[in-house]
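As given in Swiss-Prot:
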| type | residues | note |
| --- | --- | --- |
| REGION | 1-24 | region 'Disordered' |
| COMPBIAS | 1-19 | compositional bias 'Polar residues' |
| BINDING | Thr81, Asp102, Asp128, Ala129 | S-adenosyl-L-methionine binding site |
Amino acid sequence: MQNRSSSPDSSSAGNTHFGFQSVPEGDKANKVAEVFHSVAARYDVMNDLMSAGLHRVWKAFTIGRANVRPGMKVLDIAGGTGDLARAFAKRAGPSGEVWLTDINDSMLRVGRDRLTDGGLILPLAVCDAEKLPFPDQYFDRVSVAFGLRNMTHKDRALAEMRRVLKPGGKLLVLEFSRVAKPLAPAYDWYSFNVLPWLGKKVANDEASYRYLAESIRMHPDQDTLADMMRAVGLDRVQYFNLTAGVAALHEGVRLG
C-alpha cells in the first residue's frame, strides 16, 4: 500500500472522501461521528496505538509553541479528551478563558469527565468547526489536534478558525501527516495491517481503526496544508515535522 495524495478537500461534485471511500458530502459528518462515538471511551488508547505513544510528546511540543499566558482566551477545537485544554487552562490561569469544543458529544463527555476528575471546570460546546458559535476576533489562540483531517470542508474550517482569532493571535494545527519517503513502506504496512488488527483486539473495532489509517493518507501533505492556511488569510505560516513527518505541527498568525 502506497501513500495516496489528495487535493485540499479532494472531492468530486457533491462528494468527498471518507477514508478511501467516496461519499456524499452530507453523509461524511455522520460517518465520522459513528467512528468517534465508537472509539470515544478508548480514544487515548487509539492515539497510543496510532502513534506508539508519541502523541503525548507531540502535544507537549504544541503546548510549548502555543505559549499561552495568564489572561489569554483559548479555543481548543475537536478537543477530544481534553489534553490540550487542560494544559492551556493551567497556563491561562483564573483570569483566562479556555473553551473545549468538539462536534461529537461522546468525545466531549469524556473530556468533561476527565477535566472534572482533575479539578477543572471549563466551558464546553458541541459545535461544528465550519460554523463556530463565537464572535469575530475573540481568541488569542486556537488549536486543533488530530481533528482537521476528519472535517468535510477543511478550507471552511480554517477560515472560521482565522475569523475568531484576534489580530496577533495564533492558530496551531497538530495532525498526522506525510511521513518521510524512506519510512513510507514500513509505516503503510503498520497502518493497514497492524493498526486494524490492534483495533480489533483492543477495542473490538477493526473498521474504525482502518478508517482512521485511511483518513491520514487522504489528508493534505505538509506543504498543501500550509498553502491552505495562507489562502484563508493567515500569515507567518510554518510547520514542524515531528518524528520524520508522522505528524506535523502547522502554525499561522492572524496579522490583520
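Each residue, glycine too, has its Cβ placed from N, Cα and C.
Feature annotations (Swiss-Prot) mapped to structure.
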residue: Thr81; record: S-adenosyl-L-methionine binding site; DSSP class: coil
residue: Asp102; record: S-adenosyl-L-methionine binding site; DSSP class: strand
residue: Asp128; record: S-adenosyl-L-methionine binding site; DSSP class: coil
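Set side by side, the binding-site residues Thr81, Asp102, Asp128 differ in how many other CB atoms lie within 10 angstroms of their CB, and the most is found at Asp102. With a 10 A radius on its CB, Ala129 (S-adenosyl-L-methionine binding site) counts 25 other CB atoms from all the protein chains. Across the residues annotated as binding S-adenosyl-L-methionine (Thr81, Asp102, Asp128, Ala129), the two Cα atoms farthest apart lie 17 Å from each other.
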